[in-house]
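A.B. asks: The structure that follows is given in the form of structure tokens.
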Amino acid sequence: MADPKQLPYRIEDLEAQLNTKPSHPPNAKQGFVKPPPTATTELQAHEKPPLDTLLNSYDFESVASRTLAQKTWAFYSSAATDEITRDANKSSFDRIWWRPRVLKDVSRVDTRTRILGCDVQVPLFVSPAAMARLVHPEGEKAMAAACGSKGVAQTISTNASYSVDQILPNAPPDHPFFFQLYVNRDRAASERLLASLPKGIKAIFVTVDAPVPGKREADERVRADEGLSAPMTGAKAVNDKKGGGLGRIMGSYIDASLTWDDLRWLRTVTDLPIVLKGIQGAADARLAAQAGVQGIVLSNHGGRSLDTAPSSVLILLDLQKNSPEVFDKLEVYVDGGIRRGTDILKCLCLGATAVGMGRHFLYALNYGQPGVEHFIDVMKDELETTMKLLGITDLSQVHPGLVNTLEVDHLIPSTIDHPYAKWSPKSRAFPKARL
């Protein structure tokens, strides 16, 4: 047996031993055509590689991790406590397999669809994210310009770094925008904000999974710029004994007393379609349908609220198993863990109308409007390729038979109640102290 130490590990050595011609001519140019972002030996610190070398969402994330300001990266990339849900959002998609069909004419595919009656070029929208100006001086305005040029709907955060009136003119007049609402403890302030929205806003996305901010330790550890404020709410960044968490401090005005009954109040102050963002199970999806809202976003706030909450695609399967009637009553969207065109299509096969992405649009904004446009092109190309390899040509052909969910089916409860644990209400009153 040959000594492993003497085995040829370079192709040139192997060619020499076999007496063959080189596999490439001596004058051939070698190296990367599209070097990965990690191949940055010639880049200075915080220098971004050329935009056209970024091939996927992970490339944008890698560049952002090295080039964004420390606080900006901590704010956007962080998640609650041990960040288990954030990571599970993605890993759950990796356990769902395809069941592709072949010998189909897939020479042309169409990714167009409608969200709440609005025409869009892809079943993908920008999820709301605060303070985009932390990434780029033009912030949400550059995002709007890119989305307008590519036909992608954008959701504007209550905590945006520009007002809605400053953002909308950067896209064509008929471009669909949605507005994300954190209900203020001062209900009159929320009423004034909703009344001020221009006609370009097509729906209100009410965040319901964050009555209080989650504990995002990476964000808390880095000092906040106390000159930072949100124009639509007046919230200002401060540093206190808990840390410098922007997510916690900028959300201090949020009303933690919001209940299902308050949806009736909300309907009296807006005629726009209402979407509840942050539904995390079949029971609440059913209540949302009963409340008459027009849509729900299955979301755990990107893992930024309650850690070990279910991953977004598992929530989608929970609905299919325990409340399938919901899909006939409202539009269902998924937000969290989307990284690839395959992830988008898996959600659509399981009943979603469209999906949202938040962090990675911000990472793309690191390159300004061109970065967001390039990112949209990348995601659309991946979606089109997935459709062709799956054997479908338009989104009306998606169905659950195209996916194999056996690896995760055991994670979906069979009922809304716990399958075996017994419980009965108990008094939580504390005994009076003896004097």
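Just so it is clear, glycine is given a Cβ too, placed from its N, Cα and C backbone atoms.
Worth saying up front: this structure is predicted, and the values here are computed from it rather than measured.
In case it's useful when we look at the structure, here is the feature table from TrEMBL:
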- His301: active site, proton acceptor (ACT_SITE)
- 128-130, Ser157, Gln180, Thr207, Lys277, Ser299, 335-339, 358-359: FMN binding site (BINDING)
- Tyr182, Arg216, His301, Arg304: glyoxylate binding site (BINDING)
- 49-408: domain 'FMN hydroxy acid dehydrogenase' (DOMAIN)
- 16-42: region 'Disordered' (REGION)
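Tell me about the setting of these features in this model.
C.D. replies: For His301 (active site, proton acceptor), the same-chain residues lying six or more positions away in sequence with a CB closer than 8 A to its CB are Thr207, Asp209, Ala210, Gly214, Gly278, Gly336. DSSP gives His301 (active site, proton acceptor) a helix state.
In three-state terms derived from DSSP, Pro128 (FMN binding site) belongs to neither a helical nor a strand segment and is classed as coil. The Cβ of Pro128 (FMN binding site) lies under 8 Å from the Cβ of Thr155, Ile156, Ser157, Thr158, Gln180, Phe205, Thr207, Lys277, Gly358, each of which sits 6+ residues away along the same chain.
Note on Arg304 (glyoxylate binding site): other Cβ atoms within 10 Å of its Cβ, all shown chains, come to 25.
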A.B. asks: Can you tell me how far the Cα of Arg216 (glyoxylate binding site) sits from the Cα of Ala130 (FMN binding site), in Å?
C.D. replies: 15
A.B. asks: Across all the protein chains here, work out how many other Cβ atoms are within 10 Å of the Cβ of Arg216 (glyoxylate binding site).
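C.D. replies: Excluding its own Cβ, the number within 10 Å is 26.
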A.B. asks: Given Arg339 (FMN binding site) and Arg304 (glyoxylate binding site), what distance in Å do their CA atoms have, once rounded to a whole number?
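C.D. replies: That separation, Cα to Cα, works out to 17 Å.
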A.B. asks: Around Gly337 (FMN binding site), which residues of its chain at least 6 apart sit with Cβ under 8 Å of its Cβ?
C.D. replies: Ala88, Asn89, Lys90, Ser91, Ser92, Phe93, Ser311, Ser312, Val313, Asp343
A.B. asks: Any idea what DSSP makes of Arg359 (FMN binding site), helix, strand or coil?
C.D. replies: helix
